[in-house]
Amino acid sequence: MAKVDLLELAQRIIDGHRIVRGDDLSFFLTCDLDELLKGAGWIQKHFCGNRVDLCTIINARSGRCPENCKYCAQSAHHHTQCEEYPFLPPEKIVAEGARNASLGVNRYALVTAGRALTGKEFDMAIEAYEEMHRTLKLGLCASMGFLSREQIERLKAAGVTRYHHNIETSRRNFPNICTTHTYEDKMREIRMVKEVGLAVCSGGIIGMGETWEDRLDMAMSLAELEIDSIPINALMPIPGSPLEHLKQISAEDLLRTLAFFRYINPTANIRMAAGRKILSDFGERAFVSGVSACITGDMLTTSGTTIRGDIEMVQKLGLTNAV
């Protein structure tokens with residue numbers, strides 16, 4: 001195909017053009033990285049301004065998950081030495097939320113291992129959310145697997161405003177990653193959450209052996225779902241998991257992926273998640289090249305960056321996470 005002017009394309013996107021399924025997107029894979037990042041920065045600046053959204057997560061129930069996702073340390077199918085514990089006491093969750101709010105974090109998510117959080121443990125989550133909604137100035141998120149419509153409605157009533165449910169990869173590649181649930185199961189859950197009226201946070205993991213075309217397809221699927229927040233994780237191979245033999249992707253690989261996700265999803269928050277340590281500057285360049293959000297603090301089973309460090313970096317770049 002003819003050489004694509006990336007900056008011209010960025011300006012067209014700012015003016016209202018949208019990339020759609022069927023467009024030839026192969027140029028994203030071979031184009032000049034610096035120019036791609038510059039154009040992604042233009043789009044980010046136009047739609048997101050100088051604001052960066054910082055969120056934290058708490059591993060509210062860990063391990064013994066019956067699903068067989070190959071990348072995950074918490075699957076009972078693997079032998080990863082993952083810490084196992086039931087749902088945390090609501091007071092501990094609320095205290096951690098208060099600490100995060102005092103540090104200036106924008107959003108706080110309870111994340112639980114398992115196909116779904118149910119019964120008494122779900123009631124405990126509702127108790128924690130209701131208390132935080134009453135007492136903290138903090139956006140509340142949940143990541144609890146395949147919940148029912150009634151459960152999503154209860155979360156909404158308790159003050160949760162966003163539900164996280166990754167599609168993980170492309171439709172084509174999904175069966176290579178997980179067989180205990182399907183890609184369509186995930187799509188149904190996301191559509192139902194949107195029908196209830198919660199915002200959706202959904203993205204995936206790169207570096208799991210997928211092709212570049214799989215990444216582009218994932219980006220297009222998220223655009224078609226009109227996702228508000230798109231977390232991009234770079235696989236950190238977990239010893240004992242089926243993907244432990246894979247090598248980490250390169251910094252250039254991660255930056256290119258983050259940038260073309262911005263072109264394809266111009267108005268969403270493109271959120272750096274696991275794998276930021278791959279970048280020598282912990283993401284400074286990414287924050288002015290398409291990325292408008294990140295998970296700060298530790299991840300579920302891997303260490304992350306510090307909240308204070310991220311806020312200082314954001315400020316140094318002339319950005320802000322202030323609401």
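Glycine is treated like the rest: Cβ placed from N, Cα and C.
The record from TrEMBL ties CYS141, ARG271 to [2Fe-2S] cluster, and of the options CYS69, CYS72, CYS201 it ties CYS201 to that site too. Closest in space to ARG271 ([2Fe-2S] cluster binding site), of the binding-site residues given as CYS65, CYS69, CYS72, is CYS72, taking the CA atom of each residue. Around ARG271 ([2Fe-2S] cluster binding site), a 10 Å sphere centred on its CB holds 23 further CB atoms from the protein chains shown. The 10 Å shell around the Cβ of CYS65 ([4Fe-4S] cluster binding site) contains 23 further Cβ atoms across the protein chains shown. Calculated from their C-alpha atoms, the gap between CYS69 ([4Fe-4S] cluster binding site) and CYS141 ([2Fe-2S] cluster binding site) amounts to 22 Å.
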